[in-house]
């Protein structure tokens, strides 16, 4: 059906454009709009046509390591081996240095199929398979070789089953090294010398418990922000393998390096089951490439540690200290004991988590309510993620098609395509706010929290979240009232009520309030260290 447009001062009818004395008529039709949209969507295919033709599958591998890290080198080798072993049928695109987000964000992408492969951190993946955290018990392994013996046996086989149950396939167990302590304050050789320091750890309950057992205060800071945090004195020290300390140049801001060797960590090399299903007959070749790349990564990691340690010892500005490992092991024995059960080491949870598991009968209703709210919040987050993805795609398609119609087809644009972005954009924004709220990303005055400790800090956080939830509920109610009034008027082309944007704000505000309450209940029940959802929050190296 042809849409007629009335120009100012004139007649109704098709738009007319004067060019060189001739009148060209363009009728703005839905058929023309579909043609323009098809042109936009076909653009990637056109680009592909001018490249050398190569049928096959392309997978994306994400990791968080910096250039020069053994993980980075091994990821590139994996891509090379896959291309070689599949005769080019499978291509691996590697994205390192957290370009695809934090380790936890990449795990979320892996499970949804947005990411195919990741070399991830043990702390982040323990959120999916809690039993994996047992590998990080203090002073459990002296070296990688002993850890690999365990992973090559029944323990490793059971871990594979646990990962497969959550939609993920372990291709290999890479090495994240033996971890050591660095700081800017003083030489540390004995456990008592750690007491009183503020140490950055990943958002990994095991590592947090180790340093709290040593008397340190722990702070969770994204790995990409760690150098600046150390430089500015936000924290006194941190713990990482020597390879990470070197590749991220942390020694420049932490001159004291203590060879604590307090824990070993794996780097689970994971593929989504969605990606696995796409590989067909090439799956075995990809698995073989992963094993070969894993052997290289572990060798590079061991070589790098030895090389870096020798280099650190030669630099006069760096003080490397051998520590009383037996003393450190005794000082952190409580971390192991807190995870014991009559049958041995239990599923490794933080020693703060039994607080939730030991609820009395009268507290169980609160736990049930908290679980219900948390499940509701997860469903809302899934919905919000789909809203962001599809509204973002719709915005891009409609706006690009409108530009194509206006400037490529010289048709003056599509009136209804100009209206749609205005209606879609509020949903896009509110979806993003829901995701931020679920990750504990509300605007907050962090320095106030830094001045508080333990229960006071958790209480302040819960109170702030309750205020935020109340404010969003009030905002949603007001948006609903305004929406009812605005609904009287309609858009000129699509004839949609003008209340759509206001109702988007109302719905989004309610969803934000729910996920905010879920975060508050989580902290109220489990404590300060659980304010960030470990599946979607910031968990780094």
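Cβ from N, Cα, C; glycine included.
Remember, it's a predicted structure, so these values are computed and weren't measured experimentally.
Feature transmembrane segment, per Swiss-Prot, maps to range 500-520 of the set 353-373, 500-520. Swiss-Prot lists transmembrane segment at one of the ranges 315-335, 420-440, namely 420-440. Of all ranges given (379-399, 442-462), Swiss-Prot attaches the label transmembrane segment to 379-399.
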